[in-house]
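Copied over from Swiss-Prot, here are the features:
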DOMAIN    24-188  domain 'FAD-binding PCMH-type'
ACT_SITE  R168  active site
ACT_SITE  S217  active site, proton donor
ACT_SITE  E287  active site
Amino acid sequence: MLILPIVKGEYKKDYSLKHLTWFKVGGNAEIFFKPFDSEDLASFLIQNKQKLPITTFGAGSNIIIRDGGIEGVTIKLGQNFSNIEFIDEHLIVGSSCLNYNLAKFCQANAITGFEFLVGIPGTIGGGVVMNAGAYDSEFKDIIVKIEAIDFAGNFLTFTNEEIGFKYRSNNLPKDLIILKAVFKVNKGDSENILLRMNEINNARSATQPIKERTGGSTFANPEGLKSWELIDKAGLRGYRIGGASMSELHCNFMINNGDATAKDLEDLGDFVRQKVFEDSGVELKWEIKRLGRYV
């Protein structure tokens, strides 16, 4: 019998995750949990005596939830984890804060170095995990440290060096939930910051299918190469499986054309990886996370 810890937050059983993802596909979470605050989350983790599998869920922007759903407990940090504070020349930002919202806050307060976040969908927590980046900037360039909690309920702190940022990854333990990120602050000019953010937005609109059901970049760029060029060279621009296709506008973006399943999207991605390897000898690595049971 499934026994859930007593919490202040909210549980939902057999909860559909489809509407929470940018692709709008996928199955249900066996248990969906939104903790009230970090102490509530710690209490849940400490009480998880059955060792229920734990999956963390952010803004759903760079993720495929498989059609079979997710076993165990899927944890989503809500509004109580999205605060932005300016303390002692540092920004302290909750992990569920959207990258876009932090970029706007920084522009309004004449803080430079965060302009690139306006072009990165998702949350601060997800950005840290992926070392997300665009337009010649990455999270590793602005992070001082993070505050996190492990699956045993222990609060931990990691400095930038300890995080071990790499291209689209890091050396953090896998059984970790990021709670806050601390950023260094460099003052700039609000108008110049806004101009740069507008340049980024205009570039995205011109080159990326941002109005489609997409999950952002599908594959990380191999060293010294561009994934989209390899995909294009293999003749896969616009290639379709079921309701999923590679974008005609930017062929490193997958699109749900309205009737795709998670299987369509993942099968398309795997097919593209196979064909690019056959064509160029390069093994593309997924940038989009795939979670749950493949069916």
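Each Cβ is built from the backbone N, Cα and C atoms, and glycine gets one as well.
Sequence-distant contacts of S217 (active site, proton donor), defined as residues of its own chain at least six apart whose C-beta falls under 8 angstroms from its C-beta, comprise N62, S227, N252, F253, E287, I288. The predicted model assigns the domain 'FAD-binding PCMH-type' (24-188) a mean pLDDT of 96. Cβ contacts within 10 Å of E287 (active site), excluding its own Cβ and spanning all protein chains shown: 20. Counting every protein chain shown, 18 other Cβ atoms lie within 10 Å of the Cβ of R168 (active site). Under the DSSP three-state reduction, S217 (active site, proton donor) is assigned to strand.
The DSSP secondary structure for R168 (active site) is coil.
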